[in-house]
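Novice: From TrEMBL, here are the annotated features:
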| type | residues | note |
| --- | --- | --- |
| DOMAIN | 27-121 | domain 'Pirin N-terminal' |
| BINDING | His60, His62, His104, Glu106 | Fe cation binding site |
| DOMAIN | 174-280 | domain 'Pirin C-terminal' |
Amino acid sequence: MSNVVKEPRTVVRKFLARPQHEGVGATVRRSIGRFELKYFDPFLVLDEFSVSAPSGFPDHPHRGFETVTYMLQGAVTHEDFEGHKGTIEAGGLQWMTAGRGIVHSEMPAAQGTQKGLQLWINLSSKYKMIEPRYQEVTSKDITEAAKDGIKVRIIAGEALGIKSPIYTRTPTMYLDFTLNPGAQIQQPIPVSWNAFVYILEGEGIFGNSRSLPITAHNLLLLGGSGDGLEAWNKSSKSLRFILVGGEPLGEPVVQFGPFVMNSQEEIDQTIEDYENCTNGFEKAMHWKSESTTVFGY
């Protein structure tokens, strides 16, 4: 991928992600997956979450897509009906392919408030019923690069000539940028991909140097034409944002809560499979997470 951006993408839509309740007592700022923006192919949901014990996300199912959990502060413990468990700590990442079915819990693992991002990435029809799998990366093992007042954590894809080892079944880039005051970046994006920015801290100018600064908790959809992002930090404080891009699947999407398939018939079958503990959900019949007992759910 060339590091030169010849035609920067413009910001075509902007959303302020407002807090809402989700899970049990958790607060999320949802930007993708709400009524104004139900789907941004291949992305289904983007939540900036905030949770303190005993609140959290107790036992719940998924089928047909991937969840990417990236911790910004604190830690969460996850466990599933396959016996897989672990803790995602600040700066760490879990890339979970739910595939044909998983039931898991995600609960606070530390005192105080735990904060992070969760992104749902759709899977194409040929991968929706694959076996579940995980990729987990601790903070110290996430690839980083720095240059000219720019630091980037390369969760997926490539930036500043450095590639992430994370495998993305739906081709995806996921970059966490921090720009010092006065810094400017050009980051290539494959021309055919959809892409967005979500601002975590500070304020920045995106797409056009004459644009007004945009502040934290805003999602910026980037236009479909152009080969990259150009951004500036003209403020006196650091700017932190994620840039996410993905190859559109161009397939029908039928969603029922935590299930995402291609047709209503497949959704009906998924509900039946989950209720009857069949076809990938067999182990749900007798499983409860430890957190269910600890927190009394």
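Glycine residues also receive a Cβ, built from the backbone N, Cα and C atoms like all the rest.
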Novice: Per DSSP, what is the helix/strand/coil residue tally across the domain 'Pirin C-terminal' (174-280)?
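Specialist: Residue counts for the domain 'Pirin C-terminal' (174-280) by secondary structure: 13 helix, 49 strand, 45 coil.
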Novice: Write out the long-range same-chain contacts of His104 (Fe cation binding site), meaning residues 6 or more apart in sequence whose Cβ is under 8 Å from its Cβ.
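Specialist: Asp59, His60, His62, His78, Glu79, Asp80, Phe81, Met96, Ser289 - these are the non-local Cβ neighbours of His104 (Fe cation binding site), listed in sequence order.
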Novice: Just to be sure I understand the packing, how many Cβ atoms besides its own are within 10 Å of the Cβ of His62 (Fe cation binding site)?
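Specialist: Here the count is 22.
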Novice: Among the binding-site residues listed here, His60, Glu106, whose Cβ has the fewest other Cβ atoms inside 10 Å?
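Specialist: Result for the binding-site residues His60, Glu106: minimum number of other Cβ atoms within 10 Å at His60.
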